[in-house]
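Here the structure comes first, spelled out in structure tokens, and everything after it is commentary.
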Amino acid sequence: MAKLHRLISAVLRLAAAGAAAAAAIIMVTSHETTSFFGIEMEAKYSYTPSFVFFVVAFAVAFAYSLLALLARPGSTASRLLLLSDVMVGMLLTGAVAATGAISQVGKSGNEHAGWLPICAQVQAYCSHVMGALIAGFVSLLLYFLIIMYSLHAVAEPLCSCH
């Protein structure tokens, strides 16, 4: 049973690492230059702090996911994994939420603040950001599954209901 638990955990962590890496890479490659009423406009992920936060958060999640694979079952480090998984899940939730909010402003603008939508002018850039968000949601969902599976694995020995 321990081998099966380790295998499932490893597969989930590798999938989460892959999705996190994809999210960060897609966001980093989001860049477009266009002309708008004769004015050259450049859209780049590094111009938006929440997008930079997104890249850093998913790079951290990628590295953590790979490091977590090194923890031996039953070791002190493996006991800290659940807490660390929750922390990484919260980090990713914040990154996806911040990026989603700013993306919505880029897509629809904000009439009250006087911010115009930009996605009509830089469609490839906005598509890249959307792709990064989708990969980010997948990674976040996988982290949720990792947390639920880890909770189950921790609680199972405590339950005498078998």
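Placement of Cβ uses the backbone N, Cα and C atoms for every residue, glycine included.
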Membrane side match, S30 / R72, Swiss-Prot record: no
The topological domain 'Extracellular' (29-50), counted residue by residue under DSSP: helix, strand, coil: 5 helix, 12 strand, 5 coil
